[in-house]
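Since the structure comes first, as structure tokens, the remarks are kept for the end.
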Amino acid sequence: MRLVLLGPPGAGKGTQAQRLVARHGIVQLSTGDMLRAAVAAGTPVGLKAKAVMDAGGLVSDEIVIGIIAERLDSPDAKNGFILDGFPRTVAQAEALDQLLASKGLKLDAVIELVVDQEKLVNRILNRAAEAQAKGEAVRKDDDPVVFKTRLEAYNRDTAVVAPYYKARGQLKQIDGMAPIDQVTAAIDGVLAEAA
């Protein structure tokens with residue numbers, strides 16, 4: 001099972017990815033985690049990434065795809081994976097398609113968690129208020145200013161990825177505003193259809 005989960009920050013992608021990993025024995029591939037691991041391991045692609053990051057630059061799509069290619073060859077990724085934080089642009093989606101094709105693979109599903117962004121902002125504000133009321137630290141991502149900045153970046157840069165997959169007939173949309181268990185059940189339904 002090879003999946004991409006799409007949706008804005010706060011839509012519940014991380015929660016659903018954790019549930020999919022636990023139920024299906026697949027791995028969650030976070031580009032940020034993979035980048036750090038490749039740098040730490042000193043792989044050829046990791047060394048390229050380190051040079052760029054040390055110079056204060058953004059890691060290119062080519063390097064990120066190289067890191068994903070290395071990671072897909074790992075034994076634990078053979079049963080499948082969920083991509084988290086990738087692709088973020090149409091160019092990355094196209095590069096991912098080419099990478100998978102070169103390995104004789106394809107995505108089984110691209111699932112978008114569709115949310116009402118105004119209600120989503122309220123959800124995040126409530127989550128932050130609940131954490132404060134319990135005396136817990138508020139997640140940096142839940143700071144209203146930070147969250148709105150992330151949402152604007154998503155709308156500007158990443159929202160175009162869903163139409164890319166829709167045009168290819170790969171996109172399945174799920175109501176991300178539903179209760180968590182209902183979202184999980186809807187994802188399971190999509191995966192059953194794809195199997």
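Cβ atoms are placed via backbone N, Cα and C, with glycine included.
Values in this document were obtained by computation on a predicted structure and should not be read as measured data.
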Listed range which Swiss-Prot flags as region 'NMP', given the options 30-59, 150-179: 30-59
Residue from R2, R23, R127 that Swiss-Prot also lists as binding ATP with G10, A11, G12, K13, G14, T15, A178: R127
Feature region 'LID' in Swiss-Prot, mapped to one of the ranges 108-125, 126-143: 126-143
Where R127 (ATP binding site) falls in three-state DSSP terms: helix
Among G10, G12, G14, G57 [binding-site residues], residue with fewest other Cβ within 10 Å: G57
Same-chain residue ranges lying at least 6 outside the region 'LID' (126-143) that approach it to Cβ under 8 Å: 9-10, 150
